[in-house]
Every structure is written in C-alpha cells, then in structure tokens.
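Feature annotation from TrEMBL assigns transmembrane segment to 6-23, 30-54, 74-92, 104-126, 146-167, 188-212, 218-238, 304-320, 326-344, 356-376, 396-419, 431-450.
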Amino acid sequence: MVFSSITFLFYFLPLVLFSYFLVPYKLKNFVLLIFSLIFYAYGEPIYIFIMLFSCVVDYLNAIIIDKYRNTYKAKLALISSIIINLSLLGFFKYSNFFISIVNNLTNSEFSLLNITLPVGISFYTFQTMSYTIDVYRNDAPVQKNILSLSTFVTLFPQLVAGPIVRYSDISYDLNNRVHSFDKFYDGVYKFIIGLCKKVILANNLGLIWYSIKSTPYNTLSLATSWLGIICFTLQIYFDFSGYSDMAIGLGKMFGFDFLENFNFPYISKSITEFWRRWHISLGVWFRDYVYIPLGGNRCSKGRWFFNIFVVWFLTGLWHGASFNFILWGLYFGVILVFEKLFLLEFLKKLPNCIKHFYTMFLVIIGFVLFEIDNLNDVYNYLVSMFNLNNIIVDELFLYYLIPNLALIIFAIIASTPIVKIVLDRYKYIRIIVLIFGMILSTSFLVDASFNPFLYFRF
C-alpha cells in the first residue's frame, strides 16, 4: 500500500485515525501496531514475520545490554544484534547479486534464489540497529515494553521508505506524546504538500523521463538527453521528498515529531552542502554509526581516505545490489574528498551562480549512474549528453518540452524555498492549498496508471 493511492487516502487512513482517537491513551500504541502490520501485510504478508523477528532480536539484545552494561556480555549482545540484522538484509537484498558475481568470475552456473526484497527492509534494519547501538552507547534508554518497541519499528508512516527514525529521537514520544488540533492540522498540511509533490509533480515528470529513457540512446539528440535526466532529477526529488513529507505529516497526526529528511538540496553550492540537505536521515546514520566509529577525519590522511571510501561504498550499496549504485556512491565519495582537500576553498572565490551550476551539473551526472542499472547503457546515455557531433535539438525534444514547459518551470521553482516562503508568510493561503491540493491530487490518482514510488525498491 502506498500513501498516494485511493485505498490509503479514503479507506485505510480514515479508519486508522478514527480507531486511534477513539481508544484510550494507553491503547493508542496497540492500535498503531495493529494497523501498521495491516499496512505492511497489504503487499507482503509473509514478510511481516521477518520484521517482527527483528523486533524480538533487538528487544532481547537491548535488555541484555542494559542488564550487563560495560561487560563482555553487553558487547556480545550488540554484536549479535548487528550480525543478525545485517544477515537478514544481506540475504534478501544482496545474495543474488553476489551469486551473479561468482558466476561471472568463475564461469559457474549457480542458480539465483527465488526471493523478493521485503519492502522497507533497508530502512527498518537501520532503525533497529540504531536502537541497540544507542542503548549500548547509553544514548537512549532501553525499552522494556516490547509493544512500544514494536510500534517504533513498524510505525507505518515511516516504515517502507523512511525517513530513518532513530529511537533516541522519538523514545519520549512513544509513551508521552501530546496531541493537539494545531499539531494535527500541521500534519494534514504537511501530508497534502507531500501528496501534491508526489502525484502532481513527480509522476508527471516521471512520464517524460520514462518515455525518453525507453528511446534508443544512440538516437537521442543532445537536448533530449539533457531534458530526460533533468526531468528524472526533479522527479526523484519530488518523489522522495514528497514521501518524506507525507510520512512526517502522518507522524504529526499521531503525535510524533520526525526530523526533516530534505532541506532544498537543489539550492546547494557544493556537493558537501548537497549531502547535508539530501536524504538527511541516511547521511546522519552513516556519519554516526560508520564514519565516526571508523575515526572520521581525526586520523591520518590515508585513514581518512579509507573512511570516506567505506562510507560511500556502503551508501551506494545500501541503495541497491547493483554496480551502478556502488559506482554512484564512490563517484560522490571522490568528489567530497576533492572538495575537502582543495575544491571548497576554490569555490569560495566563485560567484554563487557558478557554484550552483557546478553542484547541479555533478548531481545530474550522478543521477545517470543512479537511475540506469546497466553500465554500458550508462556510458551510452552519457555519450548522448556530451557528443557535440550529435544532433543538438530535434523534434522529439520539442515534442516533450513544449507541452511540459510550465510543469518543468514550476518544478524548478518548487525545488527552491520560494513556494515555502510564500506559504509561510501568507498563511491564509494554506487553506486554499489544502482544499485544491487534495482535490487536484485525487483527480490525478483516479485516472493514474503511472504511480511508482522510487525508493520502495531500496
């Protein structure tokens, strides 16, 4: 079940809200847990048991860590939690990838496993691991109520595509959250903004990209190639940030305060700044649980290079079991190293428009690596973007650009803080946005045959 569906908007969500606010306070977590399991089971009922197994594993290990703090038993419990969680993630997400590598390297014919990737496993695995790690570090209190911990792990607003919510951020809210009309209203507003991003902008931009992507790359003009990947760059932002906004909005409706996951990354003036604004919860997770424990930048230059390499290799691999994702991660790792060594100082001397162009140029190139999974196709698409001997502009470019020009211009404007500033300054407009945003989004959904969520595959 996805948020941008008629089933969720007009059947599931009203039923959850009615049930949640009908029951006494002490039963609210139970209601959330039951409906979160129903939400997950709607698509993959068998994989509920994998998620619940993770809950039990981390519940028991955290209890052991708390009971035997500062002993080898606590360390063994932490190691147990990490190994079990990563083993589950590795089996379902990476086993066929590694079997394919072995087959290619050894000319073997090992059969691929007939398994599918459980939706959201990359997200909830990181959440459950962060819980036991935080308890071990004494950064979060142990949760002795398995119902409360299971509610945290399975909470449907952020279950399948984030943001990655750390236990320490909502441990208090789990049993002490406050509900108010203002908070609920803010949640509804945030949700509808995210829904509009997803349904009105991301889906329609995606239609342009998928049409261009399905065209043989050697027939694309230079302008069409750039138009296609720019549309994807806008699509993935509005798709993922829209989902995050909906998740944050739903959280507010139920009394939770999830941290923002995007902060207008396309206004960045360096790749370093971009990654402080893009998928913030993932970047913070890798910083706190991988980069800093490895030594961060408080070490020799050689070790620092190694730390950066590990973090960005894992960041790429987290996104998918494919070489293009690994290459995408390492691509940004190399750029960040260069920026740290000398590029940031050089960029400070340049006008803001040049810094912004530099950043978006590299981001757009990166999304070619991200979106196209075959490396030969990646090469061919990049050639079509930079081959000056190619046709610059053709009829196909005009065919896609002219009817969609207003959409693309508005999407570019909406990827900056301009719209938010206007809505925050003139708050009476919010009511209009709520009403017409919901009506327009629903009208798109009724006739929609194209409604993917890009980050569901991760």
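Cβ coordinates come from backbone N, Cα and C, glycine included.
TrEMBL labels come from automatic prediction, so no person has curated them.
What you see is a predicted model, and the numbers here were worked out from it, not measured in a lab.
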Segment-segment contact (the transmembrane segment (218-238); the transmembrane segment (356-376)) at 3 or more Cβ pairs under 8 Å: yes
Of 30-54, 74-92, 146-167, 326-344, 396-419, whichever stretch has the most CB pairs under 8 A to the transmembrane segment (6-23): 30-54
For the transmembrane segment (146-167), distant same-chain residues with Cβ under 8 A (at least six beyond the ends): 29-30, 32-33, 35-37, 39-40, 51-52, 54-56, 58-59, 62, 119-120, 123-124, 126-128, 130-131, 134, 140, 174-175, 240, 243-244, 246-248, 250-251, 254, 256, 258-261, 279-282, 285, 453, 455-456, 458
Winner by Cβ pairs under 8 Å against the transmembrane segment (74-92), considering only 30-54, 104-126, 304-320: 104-126
